[in-house]
Amino acid sequence: PIYVIGSFEILGEEILGVFRHMFFSFSVTLSNPVEKVAYLTIFHILFVLFVWTYWKSIFTLPVQPGKKYHMSYADKERYENEERPEVQRQILAEIARKLPVYTRTGNGGVRFCDRCQLIKPDRCHHCSVCAICVLKMDHHCPWVNNCIGFSNYKFFLLFLAYSLLYCLYIAATVFKYFIKYWTGELTNGRSKFHVLFLLFVAVMFFVSLMFLFGYHCWLVSRNRSTLEAFSAPVFQNGPDKNGFNLGFVKNLQQVFGEEKKLWLLPIASSQGDGHFFPMRALCEAQNPLLANEEQWEDDGIDEEPHDSGEASSLAIERET
């Protein structure tokens, strides 16, 4: 541990030395005081937002399902003591009927986590790293060493956005001095190495973050999580990748909230509590004008297939 701490101290001193020498070079080169103030002001604003969003992404703990989704002691004891699978299905089906759960497993069963002993809410998944079920889980991010889900997805998006702007601003401001050092206008050899290193790191992270941020912007516009992009959520009528897609504006409001003044600040403003999400199928059912002819034809099917569909939807499959 002492060796690791010492290594981090040496690395930190080297990085601080690069930035200290960079700012010294800039202060010498920038002759206009207004230009200095403008540069440092923008730099510190982006830096504060970058650190703030990164802090919120790390220390905002993922939200677990509420108590009503957990099995009570009596139900748990009854479920574990029962050896017949069909009776176990009935026990879990009784619990699921009381909950606003609409997504199913691949074969139409109610999503149940045998590790956490709970009925999974819609868009909830079990994280093997955190060993908990996370509401609207997107992925487990190694950059922040935390699960990205309902509680901190907005903070994670803002962290990517401000990191992207931060790297772009550093690369744009350093590039001018990189050209001057390269053409021989500035002769400080040590500063040349620092500027070259800073420009390379900023451009490298900018390119990486650009693809990652663009991908998550696409996910937000479709109201999908990373897990749902790879495996479409399954409803009672089958898998539907656009099951939660309510339109571009409403999809943004799901993540950032309705108050636009809070969109760019790492302050919790997402809609709902993470247990229930509006679905496109329910919205179309409430407004018949939005339903197409095929859906009306499906609603007009006789009762026998409908009953068989309900029976299949009550089939329970353990899912971890």
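Glycine too: its Cβ is placed from the backbone N, Cα and C atoms.
Just so you know, TrEMBL annotations are computer predictions that nobody has curated.
Among the features that TrEMBL reports, compositional bias 'Acidic residues' is placed at 294-305. Feature annotation from TrEMBL assigns domain 'Palmitoyltransferase DHHC' to 111-230. TrEMBL lists 294-320 with the feature region 'Disordered'. The feature transmembrane segment is assigned by TrEMBL to 37-55, 155-175, 195-215.
Using DSSP to sort the residues of the domain 'Palmitoyltransferase DHHC' (111-230) gives these counts of helix, strand and coil: 70 helix, 17 strand, 33 coil. With a threshold of 8 Å between CB atoms, the same-chain residues lying at least 6 positions outside the transmembrane segment (155-175) that come near it are 22, 39, 42-43, 46-47, 49-50, 53-54, 56-57, 60, 138, 141, 144, 148, 195, 198-199, 202-203, 205-206, 209-210, 212-213, 216-217, 220, 255, 264-266. Long-range neighbours of the transmembrane segment (37-55) within the same chain, counting only residues 6 or more positions beyond its ends whose Cβ lies under 8 Å from a Cβ of the stretch, are 26, 30, 144, 155-156, 158-159, 162-163, 165-166, 169, 173, 266.
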